[in-house]
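Reviewing the structure listed below.
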Amino acid sequence: KGNKKRKRAEEGEKVSEDQSLPIIQEPPVKAKKAKKKERSEAEKKLSERENALEQADDEEDQKLLQNKVKQKKKASQGITKSVVNSATGATAKQQKRRRVADEAADRRTVFVGNLPVSCTEQVLKSLFKKYGQIQSIRFRSLIPAEDTVSKKVAAIKHKVHPNAKFVNAYVVFKEECDAQKALKENGTEIASGFHIRVDTASKTSSHDNKRSVFLGNLSYDIRDDAVREHFHVCGDVVGVRVVRDRRTGLGKGFGYVLFENTDAVHLALKLNNSVLMGRKIRVQRVADKKKAQKSPDQSRAPKDRVDKKKKKEKSSNDSFVGEKATPLKKSTKPKRLKTTPRSKAGKNK
């Protein structure tokens, strides 16, 4: 009995100890969990802040990079624009300089036409050197003997087509005044049957249309001297120009004659339909292009006015004016209505 009591007492103590142990251990576990939760929330907040700051830094870096790229692009575009502008400005300046140089060179250049094929540079130099220092001489309107040979090579090697009869040239002087003096050689006979035509090469050279005559229906093989002889009767001929093809050298069937006086033009017009080398040529006045452009508008205006006047006259003549009718006097008496008798009305039904 005593052992049993002891055992019961020991078991009771164990049970009491076991019950007391969890009660003592529970509170620290809950505190740890709460601390862990608090730490986890703080860590989350810190991590979120850090992430937000990192994102802000990244965005700022991207903006800086974009700004740098934009600045580089603008700088490159500005450089390209400046380069293009400078290039265009340089090209425009170069073109202006070339134009000015060409115009100055043309003023110093003299065109010499209707030269014989056998003419050389020495002949031209001997003819024009008395007027000033010659810079260069160039032959043009050459017809090469072969199609494969260029005109420059034909001029250097003197390989000209056997049917070619004349050559043109340009004589360049060092000074403009010398070129003006050389115009005195216009009309001189450099060889038998070859009266040269000397004129300035500049585009500003004015041609007096009042002293010139247009020629049509000319033969293709005609020479300038043949035209000169035909119109020499009318007066002193300053120059003859037969328009020709550059490749073949044959005439195109028309040309011009320039006289010293306007009186010769009236006499030349009488040679219209005259025969020259088996053809009836047409002789006409040379009309100014500016006046020809203005004349149609001016000629239309008076016609329109005349038509309007005619229309007004017709309308005034055709208009009929009748006599005014006298109005009837209105009677003051009231009108009676006509009534049909009943008998007649019944018969009509």
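Every residue number used here counts from 1 along the chain in the order it is shown.
Every residue gets a Cβ built from N, Cα and C, even glycine.
The region 'Disordered' annotation in TrEMBL covers 1-81 (among others).
Summarising the annotation, TrEMBL assigns compositional bias 'Basic and acidic residues' to 8-17 (among others).
According to TrEMBL, the compositional bias 'Basic and acidic residues' annotation covers 38-52 (among others).
For 108-203 (among others), the entry in TrEMBL reads domain 'RRM'.
Sequence annotations record features per position, and here TrEMBL assigns domain 'RRM' to 211-288 (among others).
Look at TrEMBL and you will find 285-349 (among others) tagged as region 'Disordered'.
Residues or ranges marked as compositional bias 'Basic residues' by TrEMBL: 330-349.
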The compositional bias 'Basic and acidic residues' (38-52), counted residue by residue under DSSP: helix, strand, coil: 15 helix, 0 strand, 0 coil
For the domain 'RRM' (211-288), residues assigned helix / strand / coil by DSSP: 16 helix, 30 strand, 32 coil
